[in-house]
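Down below is the structure, laid out as structure tokens.
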Amino acid sequence: MGLGRLQAWMLGLPTAVVYGSLALFISVLHNVFLLYYVDTFVSVYKINKTAFWVGETVFLLWNSLNDPLFGWLSDRQFLSSQPRSGAGLSSRAVVLARVRALGWHGPLLALSFLAFWVPWAPAGLQFLLCLCLYDGFLTLVDLHHHALLADLALSAHDRTHLNFYCSLFSAAGSLSVFASYAFWNKEDFSSFRTFCVALATGSGLGFVGATRLLRRRVEAAGRGAGCPALAVDGGLCGEELLVGCKEAGSITLGQYLQQLARHRNFLWFVGMDLVQVFHCHFNSNFFPLFLEHLLSDHISLSTGSFLLGISYVAPHLNNLYFLPLCRRWGVYAVVRGLFLLKLGLSLLMLLAGPDRPGLLCIFIASNRVFTEGTCKLLTLVVTDLVDEDLVLNHRKQAASALLFGMVALVTKPGQTFAPLLGTWLLCFYTGHDLFQQPSLAPVGSAQPWPEPPAPPPAQAPTLRQGCFYLLVLVPITCAVLQLFTWSQFTLHGRRLHMVKAQRQNLSRAQTLEVKMV
């Protein structure tokens, strides 16, 4: 009886809650991965420096190429519209295919996560294979999860509603960062390994359960049972168009890239997003460095650990406030406001100087939180670009995963530029080479930064001053560049309403065409 009630309760969950729960099963794994994978291989498995850099180099190439590769393999059929035995592929079938893919790739992501914490091969080989396997499955899960945001809903209101639950569950998943501190011990790795097994088991089972619930909803809608809790205005229920119902020439990858090159808003967006990805990873990479050289004399190690942990949770909680603003004012206006806020706070910090520890603490934390929060809002902008791409190129179906993959292809180099440019700027300004000093302890270690060696008195102010100017001038430069590129982006206001209206009209026309046939 209890099991029946539980099943009935789960079946009664809103679709937005079920879709958002997928973000929980991703974030509980990925945050722990980001914190500990380097420390595990360097400090526990004792990987040598050459094998480590070979693995990171191969991972960099794979990480950049797999998004467009998997997107193309997933969505190329939507570009060509070639008929096959008179059968078509409906929007509902596209959603079902994405949900099934998540049902397979989610548990495989959990298994690939487990492969990091058990030594099963030489450290260098295991490092390379684990990174590539994990990132491959993570890319597949992210692409299909983001694509569902565009496929399940069309209006800004519905998409922000779905994204609201993604932020809520991502925040809950980020709590695994705090729990991990209780188990992390490089000397006795068994308790942390057990913790990771529990995380992976929960995540894998969660993916299976959530995707089954989503599949039942979609199949019930297809049988005419209505569309409870699904998109209400041109999403899954209102859009029953067929791919392949009309003869059309196939589109090659080269032709698709030419179409993207003519997509003006796409080009301005990826230019802005490249800077955003750079700034997000710059903050992540240099967060411990700024705490060490600017605040270590004023805050305790436990406070530093708390700031590091809360910086993973706060962006998701922050979005719970910003998403309702997006419904009211539009994503474009909210993102522009965040860029202006970043510029204003950075200028204020520059004028205040490095000798105000309270203000520095607030600025370092808020800079990371607002920057990460902006990154999460930009997913909504990509879904609007999916709509515009469909309308501009008269596609039979939105190539959601492919467009998300192309955005990632252009913007992921920002991940690499962040540490390279940051360390070069610091060395150029201060003459201090980070690679010539004992490296900072990884974020997940019990001590988030080591006690800095006592430098000669003449060097200490220079290094501290260099860190301060790096802290404030990078966000100022990023904000100026982003405000310029964002001002050129026109997919908002009347144009956005027109694009969405045209997509809905296109859907109705194609539905009518199918019925007449």
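Using the three backbone atoms N, Cα and C, a Cβ is placed for every residue, glycine included.
Annotated transmembrane segment per TrEMBL: 16-38, 101-118, 124-141, 162-184, 190-214, 266-287, 299-317, 329-352, in sequence order.
Among 16-38, 101-118, 190-214, 16-38 has the largest number of CB pairs under 8 A with the transmembrane segment (162-184). The stretch from 16-38, 124-141, 190-214 that makes the most Cβ contacts under 8 Å with the transmembrane segment (101-118) is 190-214. Tertiary neighbourhood of the transmembrane segment (16-38): same-chain residues 102, 106, 109-110, 113, 116, 130-131, 134, 138, 141-142, 145, 148-149, 152, 161-162, 164-170, 172-174, 176-177, 180, 184, 192, 196, 199-200, 202-204, 206-207, 210-211, 213-214, 217, 229, 312, 442-444, selected by CB-CB distance under 8 Å and a gap of 6+ residues from either end.
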